[in-house]
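Take a look at the structure below.
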Amino acid sequence: MQPAIHRPTRAIIDRQAIRNNFLHERQQLTSDKYIFAVVKANAYGHGAVAVAKVLHELQVDGFCVATLDEALELRQNGLQEPILVLGITSVQDVQLAAENDISLTAASLAWLEEAVNNLQQPLKIHLAIDSGMNRLGIRDRLEVIAATEFLLQETNLVAEGIFTHFATADEPDVTYFNSQERKFRELICDVRTTFQYVHCANSATALWHQDVTSNVIRLGISLYGLNPSGTVMKELPYSLHPALSLTSEVSYIKQLPAGQKVGYGATYTTSSDEIIATIPIGYADGWLRRLSGSKIIIDDELCPIVGRICMDQLMVSVGHMVPVGTPVVLIGTQADLSISATDVANYSKTINYEITCNLSDRIPRTYIN
Ligand SMILES: *Cc1c(COP(=O)(O)O)cnc(C)c1O
């Protein structure tokens with residue numbers, strides 16, 4: 001998609017916030033720990049290549065992505081750090097990964113056996129262990145041993161890492177987290193080799209379970225300055241700096257008398273004289289219809305979105321007349337008002353991750369600092 005550069009709607013990404021979040025995490029860790037920045041899904045909407053370049057300057061140890069294509073995008077843009085694809089890659093594509101020195105996740109012995117037939121050179125592998133998330137990974141102790149033996153025996157497979165993923169690291173109740181942690185240790189205790197990377201820490205684990213053994217932190221959401229738990233776990237070892245703001249401008253404004261309908265379905269009726277502003281952002285930009293009724297900032301005022309959000313535009317009720325071109329903040333701060341991605345998520349009953357990931361390619365990303 002062509003970003004709409006001739007429209008005032010922008011996602012502004014503060015690189016300094018990302019640096020701060022990364023360096024704060026770095027300071028928590030002993031020097032034997034690695035940080036792999038998770039830049040999947042276009043760095044949670046922040047722009048994968050731009051974010052990766054910021055972290056490259058800070059000597060990040062590696063990157064995690066979801067797909068082989070995301071990994072290739074980083075390689076094509078000159079990033080040379082280790083890259084791990086966290087999802088399952090088709091066995092047809094393993095040689096392409098090997099040629100580009102991209103590490104792949106193996107979640108079964110069967111996958112490894114098929115993959116090796118398609119390799120003409122060594123491929124780095126991280127074995128995924130399922131300790132209770134039940135998304136992907138080996139669940140059986142004997143299969144973990146067999147897969148490791150297979151890695152050691154095949155010259156085109158390199159045993160680089162072994163890892164698991166927690167389902168509840170962002171929750172106050174640690175029962176399930178502890179059971180997963182125990183399960184991970186049990187499943188890997190009999191393997192006959194030492195992996196360079198043994199890891200289980202996403203952002204939430206890094207923030208609230210610092211005693212867990214993991215020599216890699218797969219740092220995702222907190223890199224972008226968002227709390228993995230939303231508003232559940234308020235205590236943080238260091239403050240997070242949100243990197244993304246979403247801004248626009250008033251594109252049209254008028255005063256309506258009482259009794260006028262606004263938007264598709266004519267669902268909103270002005271109750272008295274009301275000033276209605278139109279803002280050029282809509283659900284095709286990722287500002288979903290379920291955000292109808294939520295507030296955005298215009299000229300130091302929180303203004304409710306009235307009527308249904310359209311594909312490309314939305315309407316708000318403003319307390320006083322402002323000129324066309326007046327700045328609008330949908331996520332971020334203006335004077336003493338602010339709206340966070342977490343506020344937006346809470347309003348629409350989802351998580352902050354989904355809010356930034358949803359911002360579509362039509363919104364240009366602007367980088368500051
Ligand atoms: C997405 C992902 C992460 C990053 O999670 P955050 O909560 O954003 O830190 C880490 N590990 C795996 C396996 C993931 O899929």
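Each residue, glycine too, has its Cβ placed from N, Cα and C.
Per TrEMBL, the features are as follows:
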MOD_RES   Lys40  N6-(pyridoxal phosphate)lysine
ACT_SITE  Lys40  active site, proton acceptor
BINDING   Arg135, Met311  substrate binding site
DOMAIN    243-368  domain 'Alanine racemase C-terminal'
ACT_SITE  Tyr264  active site, proton acceptor
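Taking the features listed in TrEMBL, we show where each one sits on the structure.
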residue: Lys40; record: N6-(pyridoxal phosphate)lysine; CB count, 10 Å: 19
residue: Arg135; record: substrate binding site; CB count, 10 Å: 11
residue: Tyr264; record: active site, proton acceptor; CB count, 10 Å: 12
residue: Met311; record: substrate binding site; CB count, 10 Å: 11
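With respect to Lys40 (N6-(pyridoxal phosphate)lysine), the closest of these recorded positions in Cα terms is Arg135, chosen from Arg135, Tyr264, Met311. Note: the Cα of Tyr264 (active site, proton acceptor) and the Cα of Met311 (substrate binding site) are spaced 11 Å from each other.
Mean pLDDT for the domain 'Alanine racemase C-terminal' (243-368) in the predicted structure: 98. The secondary structure of Tyr264 (active site, proton acceptor), as reduced to three states from DSSP, is helical. Residue counts for the domain 'Alanine racemase C-terminal' (243-368) by DSSP state, with H, G and I taken as helix and E and B as strand, are 23 helix, 51 strand, 52 coil.
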